Amino acid sequence: MAKEKFNRTKPHVNIGTIGHVDHGKTTLSAAISAVLSLKGLAEMKDYDNIDNAPEEKERGITIATSHIEYETENRHYAHVDCPGHADYVKNMITGAAQMDGAILVVSAADGPMPQTREHILLSRQVGVPHIVVFLNKQDMVDDQELLELVEMEVRELLSAYEFPGDDTPIVAGSALRALEEAKAGNVGEWGEKVLKLMAEVDAYIPTPERDTEKTFLMPVEDVFSIAGRGTVVTGRIERGVVKVGDEVEIVGIRPTQKTTVTGVEMFRKELEKGEAGDNVGVLLRGTKKEEVERGMVLCKPGSITPHKKFEGEIYVLSKEEGGRHTPFFTNYRPQFYVRTTDVTGSITLPEGVEMVMPGDNVKITVELISPVALELGTKFAIREGGRTVGAGVVSNIIE
């Protein structure tokens, strides 16, 4: 059989495996790469290679993550797998590996377990938009009714966290059996189940919108006044596109202002437009230098609003990661570093939570002293005197 050509023109999607410890996330990751390698769509990665995940630092937090890549007939995937539960929590909260969708691995022999629930909840909180389920270890379950029962439990659990449980694709199989078959050089009955899973992922997880197609947003890093030309605001465009003549809003810290872009520059050259990822200077009509400061954002009018009060899901750095050595309580007042600036805020812990220890993850309510442009999924760091003590993501906006 002729191998298909590996091409880079397919749409790109980021996914990852989530689920309870020992339910087979890493084995499934290895099985997917092994089965697809037989079709010339991936390089085979063995279990140990994925399991010995290198440690990476993301905003000072140590996270062990394995990245593998593979293709299906329709897409190119970047796939992340984490060895430990704590690594998943950190990964999802910091957005170190942004996921467009996830494969939830549940052992058919055990059914949903505490971390199954926690990963679904985290997916909801941090905005992983779509989940496909793989019921693993099917070879260990003789009773078809038991399999159906586990499937029902998983659907109920997904629905409880506002995922469409009834419509979620669920594929049963055995990652280990598929991996063994693939290592022997063939796609057998178990390998077919892995291919079926990937066909569901292809069909169910939509291709994400490209950053350039989203609404324009640029965090303000610096502001200059250029004689005879006006005020230039510099920063890296987070998403969208900005062109000369566009109306933009300046949001955060002070009342929102509207203005018009009269120039876009990169490396002192005039551009027709700046797009996501570009470091640019944007010239603003009639805006005074003192009206704009670091920590504000330039955006498409009406696309993002300033807020002071929100709920967030946070991970608190352990002492070993350079975090606090002691717990904190309600009314703790650190700085919240959002995009390009620190804003002081006070924390309220959930009812029944007395204190938060270094190394914990928890949901908090925050009230900032000045409003910042926020939306669901905005990432922030929690700092004390310039040192990072936590990381979080906005899960709900209150006011």
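A Cβ is built for glycine as well, from the same backbone N, Cα and C atoms used for every other residue.
For the recorded site, K25 (GTP binding site), the DSSP three-state label reads helix. Just so you know, the Cβ of K25 (GTP binding site) picks up 27 other Cβ atoms within 10 Å once every protein chain is counted. The feature GTP binding site is assigned by Swiss-Prot to 19-26, 81-85, 136-139.
Annotation comment: Swiss-Prot describes T26 as Mg(2+) binding site. Sequence-distant neighbours of T26 (Mg(2+) binding site) (same chain, six or more apart, CB under 8 Å from its CB) are T17, Y47, I50, D51, S66, D81, P83, listed in sequence order.
Here Swiss-Prot flags 10-209 as domain 'tr-type G'.
For the region 'G1' (19-26), the model gives a mean pLDDT of 93. What Swiss-Prot records for 19-26 is region 'G1'.
The DSSP breakdown of the region 'G2' (60-64) into helical (H, G, I), extended (E, B) and coil residues amounts to 0 helix, 4 strand, 1 coil. Residues annotated as region 'G2' in Swiss-Prot: 60-64.
With a threshold of 8 Å between CB atoms, the same-chain residues lying at least 6 positions outside the region 'G3' (81-84) that come near it are 16-17, 21, 25-26, 29, 50-53, 63-66, 68, 91. The feature region 'G3' is assigned by Swiss-Prot to 81-84, with similarity to another entry given as support.
Sequence-remote contacts of a segment are chain residues at least 6 beyond its ends whose Cβ falls under 8 Å from one of its Cβ atoms, and for the region 'G4' (136-139) they are 23-24, 27-28, 105-110, 147, 172-177, 190, 193. Residues annotated as region 'G4' in Swiss-Prot, with similarity to another entry given as evidence: 136-139.
If you draw a 10 Å sphere around the CB of C82 (GTP binding site), it holds 24 other CB atoms from the protein chains shown. Residue density at H85 (GTP binding site): 15 other Cβ atoms are found within 10 A of its Cβ, drawing on all protein chains shown. If one looks beyond the region 'G2' (60-64) by at least 6 residues along the same chain, the residues whose Cβ comes under 8 Å of a Cβ in the stretch are 53-54, 82-84, 87, 90-91, 94, 96, 315, 317, 321-322, 388, 391.
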